[in-house]
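Under the heading Na(+) 1 binding site, TrEMBL lists GLY37, ALA39, VAL40, SER285, ASN317, LEU434, SER438. Residues or ranges marked as Na(+) 2 binding site in TrEMBL: ASN44. Annotation comment: TrEMBL describes CYS143-CYS155 as disulfide bond. Taken from TrEMBL, the feature region 'Disordered' applies to 1-20, 601-639. Feature annotation from TrEMBL assigns transmembrane segment to 31-49, 61-82, 103-131, 202-223, 235-262, 282-299, 311-332, 423-443, 464-483, 495-518, 539-559.
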Amino acid sequence: MACATGPDPPGDSSGDGGGEERPAWDNRLQYLLSCVGFAVGLGNFWRFPYLCQTYGGGTFLIPYLIALVFEGIPLFHIELAIGQRLRRGSIGVWMAISPYLGGVGLGCLTVSFLVSLYYNTILTWVLWYLLNSFQHPLPWSACPLDLNRTGQAICSLWPARDGPPVPGLVEECRDSSAVSYFWYRQTLNITADISDSGSVQWQLLVCLAASWAVLYLCVIRGIETTGKAIYFTALFPYLVLTIFLIRGLTLPGATQGLVYLFTPDMQVLWNPRVWLDAATQIFFSLSLAFGGHIAFASYNPPRNNCERDAVAIALVNSMTSLYASIAVFSVLGFKAVNDHGRCLDGNILRLINAFDLPDQSISRDDYTAVLARLNVSRPEWVAGLHLDACRLEDFLEKSAAGTGLAFIVFAEAVLHMPGAPGWAVLFFGMLFTLGLSSMFGNMESVITPLLDLGVMPRGVPKELLTGLACLVCFLSATCFTLQSGSYWLEIFDHYAAPLNLIFFAFFEVVGVVYVYGMKRFCDDIAWMTGRRPGLYWQVTWKVVSPLLLLTIFVAYISLLASTPPSYKAWNPQYEQFPDSGNLTGPCSPSHREVLPAKIHRCSGDAQPGPRQETSHPAGRRTLAPNLGPRLHWEPSGTG
């Protein structure tokens, strides 16, 4: 089809509000990598694999792909096309379409600002772990000595383990694990709940300043500098993922992990929550309604093929999620097999000691048969040993998302790999660059609209505006370095962005299709790409996508109404930190209880507190600590 000449965009075609020439990408690869870097973020690594594993493995891909085709790609195409045609940031685009839609652009800017605060705080935690990875052994590989360093045993037993006493270790760490202790105490130094703000953690404050300084150096001149940095920040995570994938597939247990991940369960398709999570995962994974893609597209040549870019970037994003899932669960399968093996070894040692058997007389392969024979001949003796129920499936089910995956489960997994510090440096370096490239888009969502609106005098350099924006963000984010900072981060993540973004996306579609006009928009695309949008695009834009967004919005409202605002808190009346079994972090909406673990105290009974007793299959009574009660959060002044 011949190129149709569409109508001129409203106002000045340069879109900068000042008649100056708009910056442009050095080449198309810079633009594509920037969009991929903004879309592919931490959620691809630590939420998509968790959702796949939770919702029937490969079955989750069915609602995921449906949401991608009918929601993700059409919305993504709208943002790239309208940004490229009108050549403005988010506020400028919607003001150009209609002054009444200016609030949509302002809302996108506000949400991008809020998300930048806590997203870069996660990078602060990653940077802290990265810096601590340059040592051997890793600091989370063993519990530290007690403060007086006398070497006197604080407690006579390891919790839920047989063996000699371990002298001189911090009791809090012995009662949980070295990995959990390093995260909850040595990194976060977490308080009991959000009402206790605690003090500033200076090591985190320094890392926060360093993270914002690195980000400022990358975005100091907009796409002129991010376009250079993106070559590394967007490509390095793929290199590391490939390294982890190759290494993970060679580890024992990788096959079990992947089989468990992708084993289909078609019954989950009847669960409405699966469809809601699939739709929201697509929505947030592509970074829709933030305004970053509109800003990036505004620097494109006017006749760039935005349709091809939208489809290609969306597919790359989804394939990255799948690729990351394979790499993650190959390593988690290795960890599960290791944990399962250690569980069997503990039971075997108890059997050998109890029945006075020769050393190494029972192998892991023979354990089940030997235990069956002993259960027949000496059932009362076996019952008295309180053997652990060692099922590989139980260890594979110890799924995690968010910070629980990165800072506990995966941090523990690398300890079992030869050359653990090197793997830790690669892993946390990958997370840092992954998040950094996403922050480029978040900051572009804030700075580009401000530049287009001319909030600073014409003579003020762009570097100063960028510096002021980063400084304001840094100062605003210092609350997350308090001991209660992780609680506030979780509240921000759950309640500041998701519902607002869905709301703004709905008005983006309505604004383009019904205010700007479908015919005019199709004419614009024909002018830019050389062909008019087909039936698929027009139907999804006009009917399917708005209805899907409206349905998601109503479902999300219903979900929030049925579950009062809450957050997970660590209650000090539990004598141990959350176990590494089932943890979810700030970027995941799901919360699951941690596994029970036995607590041994030196004197008397455990302190009174809200505990829950559970029975193990072997009959042993244990105390089941969790991350604390779900404390309901209400705005101040609600009585």
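Placed from the backbone N, Cα and C atoms, the Cβ positions cover glycine too.
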- prompt: By Cβ distance under 8 Å, which residues at least 6 away from the ends of the transmembrane segment (103-131) in the same chain are close to it?
  reply: 42, 89-95, 187, 203-204, 207-208, 210-212, 215, 289-292, 403, 406-407, 411, 424-425, 428-429, 431-432, 435-436, 438-439, 442-443, 445-446, 449-450, 473, 476-477, 480-481, 485, 489, 492-493, 496-497, 500-501, 503-504, 507-508, 511, 586-587
Message: Can you see whether the transmembrane segment (311-332) and the transmembrane segment (495-518) are touching - at least 3 CB pairs under 8 angstroms, only pairs 6 or more apart in sequence?
response: no
- request: Go through the chain and flag residues at least 6 beyond the ends of the transmembrane segment (464-483) whose CB is under 8 A from any CB in it; none is fine as an answer.
  value: 113, 116-118, 120-121, 124, 188-191, 196-201, 204-205, 208-209, 212, 215-216, 219-222, 443, 446-447, 450-451, 455-456, 489
- prompt: Can you say which of 61-82, 423-443, 495-518 has the most Cβ pairs under 8 Å with the transmembrane segment (31-49)?
  reply: 423-443
Statement: Listed in sequence order, the residues of the same chain lying six or more positions from ASN317 (Na(+) 1 binding site) whose CB sits under 8 Å from its CB are VAL36, ALA39, VAL40, ASN44, SER285, LEU286
- line: Here the binding-site residues are ASN44, SER285, SER438; the one whose Cβ sees the most other Cβ atoms within 10 Å is SER438
Statement: Note on Na(+) 1: the CB centroid of GLY37, ALA39, VAL40, SER285, ASN317, LEU434, SER438 has further same-chain residues inside 8 Å, namely VAL36, PHE38, GLY41, GLY43, ASN44, SER287, THR320, SER437
- request: Please give the sequence-distant neighbours of the transmembrane segment (423-443): residues at least 6 beyond its ends with Cβ less than 8 Å from one of its Cβ atoms.
  value: 34-35, 37-42, 44-45, 112, 115-116, 119-120, 122-123, 126-127, 129-130, 133-134, 138, 214-215, 218-219, 226, 229-230, 232-234, 236-237, 240-241, 243-244, 247, 287, 290, 292-293, 295-296, 406, 410-411, 414, 417, 466, 469-470
Field: Neighbour tally for GLY37 (Na(+) 1 binding site), based on other Cβ positions within 10 Å of its Cβ
entry: 28
Surrounding CB atoms that lie within 10 Å of the CB of CYS143 (disulfide bond), all protein chains: 20
Task: Between CYS143 (disulfide bond) and LEU434 (Na(+) 1 binding site), find the distance joining the two CA atoms and give it rounded to the nearest Å.
output: 30
- request: List the same-chain residues at least 6 positions away in sequence whose Cβ sits under 8 Å from the Cβ of LEU434 (Na(+) 1 binding site), in sequence order, or say none.
  value: VAL40, GLY41, LEU42, ASN44, PHE45, THR233, PRO237
